[in-house]
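Worksheet: the structure to be examined is printed underneath.
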Amino acid sequence: MKPTDTPKTYRVKSFGCQMNVYDGDRMGEMLAARGITPAPEGEDADLVVLNTCHIREKAAEKVYSDIGRLVKAGEEAGKKPLIAVAGCVAQAEGEEIMARAPAVSMVVGPQAYHRLPEMLDKAVAGERATDTDMPAIAKFDALPQRRKIGPTAFLTVQEGCDKFCTYCVVPYTRGAEISRPYGDLVSEAQKLVEAGAREITLLGQNVNAWSGEDDKGRRQGLAGLIHALAAIDGLERIRYTTSHPMDMDEALIAAHGEIAKLMPYLHLPVQSGNDRVLKAMNRSHTAEGYLRLLERFRAARPDIALSGDFIVGFPGETEAEFAGTLSLVDEVKYAQAFSFKYSARPGTPAATMDGQIAREVMDERLQRLQAALNRDQLAFNQASVGKTCEVLVERKGKHPGQWLGKSPWLQSVWFEADCAIGDLVTAELAEAGPNSLRGIPKVAALSSVG
Ligand code: 5AD
Ligand code: SF4
């Protein structure tokens, strides 16, 4: 590659989960710390980071077509953008990307992106570089501090996965489970609040597997960390995602009844409602075990909104086994949920299992499942009508004077009021749709930030 000018503008395109969004934001901050500014909307950037996701279908193909598009746009504009591929596809297929896509000058895995600035220096000098090492903790120490942020912030507390569900690439792309140290997290949360955050969502592939030693040397689980964060003045809301049923402990369940700042919402994937399928998925819990766990959460916090993930068409899934998923859904009555067609991921055990399911069968099952989940989501929203709650204002709505925010149950609520982003507005939920509710503020903006 030829040496090139130092880029002046960047764009990070993140795909996939919230962890990727978080990583993408942090990469942007690192570039900004180097004086590179975000490219204005609609303009080509000098440096593009494709922050990829590998969890489902056609991820790699999407990366190659994105690269092709960037090269073409560059040719038309008479310049060559620097291209970095980051995220889980970079981790899984880095070498292949380098071989197949000469326009890419940097490939950086999810545990190595703190080294992006050094790689950029090399790229500017005309050298291509790949870094897919996995020194996870080093990454967090090397990232710059966050200065100004919106009212809702993500904080990665745990990364990686040791569960090895047979369909999933995460244990291979994100590596083994690691927990960031307690002290680092408490001080980072304090800084986020100083920078404007009123809500923090704790992130981890298995966030409830987090453990660490507190300032007195006592072993703590996620509940202990949440108790400490709840003591931070100015932090109003705490959430966490994604949890695994096998990592749940009594303290975290109890925390939902004890900590007012911990929002009444739980995302707990189950994937299937059938025990044979769960076993083949290596989920190490049964449908019944999962349901009993939810009962304990509901006992601790009766209004808790439940959310989950589902896969339809896992190899060998029969119609009767799929019906088990539908009946679990009927029993739980989720407030929100995410459902996917099984996608064979290269290198995972399920990819070579017998009984791969035909696409049409998967399509049809997904349709039925989503109809049930949509029905329950609407019913949950309708049942909220008449409740009064605080809404954390996140952004302006489409019309003047209109604002959008989130209820404690993570529902989108829009309303008209004289307020500002970051306010907690008390509103009565007046009307419900499938994806949002209309609120009527009780009193205009109750509290303002700054
Ligand atoms: N195919 C389909 N869905 C998958 N997920 C993970 N791996 C796969 C796969 N191979 C889903 C699971 C998980 C969510 C993040 O993505 O439901 O909880
Ligand atoms: Fe993937 Fe299972 Fe780990 Fe979740 S728990 S990241 S689905 S292997």
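Heads up, the Cβ atoms here are built off N, Cα and C, so glycines get one too.
All annotation found in TrEMBL is predicted automatically rather than curated by experts.
Feature list (source: TrEMBL):
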BINDING   C17, C53, C88  [4Fe-4S] cluster 1 binding site
BINDING   C161, C165, C168  [4Fe-4S] cluster 2 binding site
DOMAIN    8-125  domain 'MTTase N-terminal'
DOMAIN    147-379  domain 'Radical SAM core'
DOMAIN    382-443  domain 'TRAM'
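Features per TrEMBL, on structure.
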| residue | record | Cβ contacts under 8 Å, 6 or more apart |
| --- | --- | --- |
| C17 | [4Fe-4S] cluster 1 binding site | C53, I55 |
| C88 | [4Fe-4S] cluster 1 binding site | G16, N20, T52, C53, H54, I55, A59, P110, V169, V170, T173, R174 |
| C161 | [4Fe-4S] cluster 2 binding site | C168, V170, P171, R174, A176, E177, Q205, N206 |
| C165 | [4Fe-4S] cluster 2 binding site | Q271, M281, N282, R283 |
TODO: Taking a cut-off of under 6 Å between Cβ and any atom of ligand 1, tell me which of the binding-site residues C53, C88, C161, C165 pass.
DONE: none
TODO: Could you tally the C-beta atoms, other than its own, that fall within 10 angstroms of the C-beta of C53 ([4Fe-4S] cluster 1 binding site)?
DONE: 19
Open item on the list: Which binding-site residues from the set C53, C161, C165, C168 have a C-beta atom lying less than 6 Å away from ligand 2?
Closed with: C161, C165, C168
Task: Cβ-Cβ neighbours of C168 ([4Fe-4S] cluster 2 binding site) (radius 10 Å) - done: 22
Task: For the domain 'MTTase N-terminal' (8-125), residues assigned helix / strand / coil by DSSP - done: 61 helix, 24 strand, 33 coil
Open item on the list: What is the set of residues, excluding C17, C53, C88, whose C-beta falls within 8 angstroms of the centroid of the C-beta atoms at the [4Fe-4S] cluster 1 site?
Closed with: F15, G16, M19, N20, T52, H54, I55, A59, G87, T173
Task: C161, C165, C168 excluded, remaining Cβ within 8 Å of their centroid ([4Fe-4S] cluster 2) - done: K163, F164, Y167, V169, V170, P171, Q205
- [ ] Reduce the DSSP letter at C161 ([4Fe-4S] cluster 2 binding site) to three states and note it down.
- [x] coil
Open item on the list: DSSP on the domain 'TRAM' (382-443): how many residues come out helix, how many strand, how many coil?
Closed with: 3 helix, 34 strand, 25 coil
